[in-house]
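S.K.: Pasting the feature list from TrEMBL:
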- 41, 82, 180, 212, 309, 313: 1D-myo-inositol 1,3,4-trisphosphate binding site (BINDING)
- 117, 169, 201-212, 227: ATP binding site (BINDING)
- 292, 307: Mg(2+) 1 binding site (BINDING)
- 307, 309: Mg(2+) 2 binding site (BINDING)
- 32-111: domain 'Inositol-tetrakisphosphate 1-kinase N-terminal' (DOMAIN)
- 133-313: domain 'Inositol 1,3,4-trisphosphate 5/6-kinase ATP-grasp' (DOMAIN)
- 1-27: region 'Disordered' (REGION)
Ligand SMILES: Nc1ncnc2c1ncn2[C@@H]1O[C@H](COP(=O)(O)OP(=O)(O)OP(=O)(O)O)[C@@H](O)[C@H]1O
Ligand SMILES: O=P(O)(O)O[C@H]1[C@H](OP(=O)(O)O)[C@@H](OP(=O)(O)O)[C@@H](O)[C@@H](O)[C@@H]1OP(=O)(O)O
Ligand SMILES: [Mg+2]
Ligand SMILES: [Mg+2]
């Protein structure tokens, strides 16, 4: 671990950052983490309780100044980043190449893979986890590219044999509110109201409960969140249209303490999660992500991964540091 010399950090330095900048290499256990985050992420992630806990363990967080050349800052042991844009990706990739001694969480190409709702689930689809204390797959999905005339969507859906209802999701996930604007479609004709590029995913009944599986390096943590309720055949036959729905499974929708039907609420089997996490960590080349997983209603061990997010939420609440 290195901690020598000045560390130039952006903006106003909090106390612990000043301390990190002036401490010398007396302890071999000090770790300097340069962070480059959106203001939203900084607010939710860099909370005093967290940075104090980290400091007690010899981990110092120092803000990267994105307006200054990265190689002139540091030295860092780790760079933790969640910023969008091609320019930032190039900066961080260049730095990664020139500073192999620094752990960059995570490589920009690997993160980019999660910025598209088709490519993000491809590795899960490629995995053959059918005999590992349960089955894990992805819902059937269809990509509607930007160049497609929306009026052709009903035909495309019928041609692909997609089963209604469908969840319509923006193809690109870039951290914007728009990329989280999702719709539930009860009939294929109403889908022509939506704007491509989109991913249309078959809705899987799952008893209104979702498992968020946080993966932080080797650590795995599962939490329960409320989700969309089942849609019955009767409801489907009576309702038509596309309906926008809010962020149903956000942090405020925790179901960890709820009194739920154990058939729905029982966590996915641990060996299955360990295998899935190990495979995805390896295939995606990421160390900081989460998987949204649902159990098909009425089954014990049929699971679907519906979403993967890079460096999600307050991931530190879910990991031991
Ligand atoms: N195929 C599906 N079947 C059933 N429910 C679904 C499906 N896809 C999404 N959902 C519901 O919609 C919610 C949002 O979907 P998804 O997680 O794909 O969106 P997101 O905007 O990427 O969310 P996040 O905030 O986790 O990034 C899920 O938490 C779940 O409740
Ligand atoms: O809104 P929160 O802080 O909770 O975190 C959300 C996070 O936003 P942030 O990284 O900008 O904070 C989202 O990232 P983007 O796709 O928008 O990049 C995504 O990962 C959600 O799944 C996280 O929600 P969680 O399900 O973990 O609670
Ligand atoms: Mg999700
Ligand atoms: Mg997501």
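Cβ atoms are placed via backbone N, Cα and C, with glycine included.
What's the neighbourhood like for each of these?
M.R.: Neighbour list (residue 309 (1D-myo-inositol 1,3,4-trisphosphate binding site), Cβ cut-off 8 Å, at least 6 residues apart, same chain): 114, 173, 289, 290, 292.
The DSSP secondary structure for residue 227 (ATP binding site) is coil.
Shown in sequence order, 117, 120, 291, 292 are the residues of the chain, 6+ apart in sequence, with a C-beta less than 8 angstroms from the C-beta of residue 307 (Mg(2+) 1 binding site).
For the recorded site, residue 309 (1D-myo-inositol 1,3,4-trisphosphate binding site), the DSSP three-state label reads strand.
The DSSP breakdown of the domain 'Inositol-tetrakisphosphate 1-kinase N-terminal' (32-111), given as helix, strand and coil counts, is 36 helix, 19 strand, 25 coil.
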S.K.: If you average the pLDDT over the domain 'Inositol 1,3,4-trisphosphate 5/6-kinase ATP-grasp' (133-313), what number do you get?
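M.R.: Summarising the domain 'Inositol 1,3,4-trisphosphate 5/6-kinase ATP-grasp' (133-313) by its mean pLDDT gives 96.
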S.K.: Just name the most isolated of the binding-site residues 203, 211, going by other Cβ atoms within 10 Å of its Cβ.
M.R.: 203
S.K.: Just checking a number: largest C-alpha distance across 41, 82, 180, 212, 309, 313 for the 1D-myo-inositol 1,3,4-trisphosphate site, rounded to a whole Å.
M.R.: 20
S.K.: Return only the integer: C-alpha distance in Å from residue 313 (1D-myo-inositol 1,3,4-trisphosphate binding site) to residue 211 (ATP binding site).
M.R.: 14
S.K.: Closest of the binding-site residues to residue 207 (ATP binding site), Cα to Cα, picking from 41, 82, 180?
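M.R.: Result: the closest of the binding-site residues to residue 207 (ATP binding site) is 180.
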S.K.: For residue 82 (1D-myo-inositol 1,3,4-trisphosphate binding site), which residues of its chain lie six or more apart in sequence with Cβ-Cβ distance below 8 Å?
M.R.: 36, 37, 38, 41, 175, 310, 311
S.K.: Could you tell me which of these binding-site residues, 201, 205, 227, has the greatest number of Cβ atoms within 10 Å of its own Cβ?
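M.R.: Within the set of binding-site residues, the most crowded position is 201.
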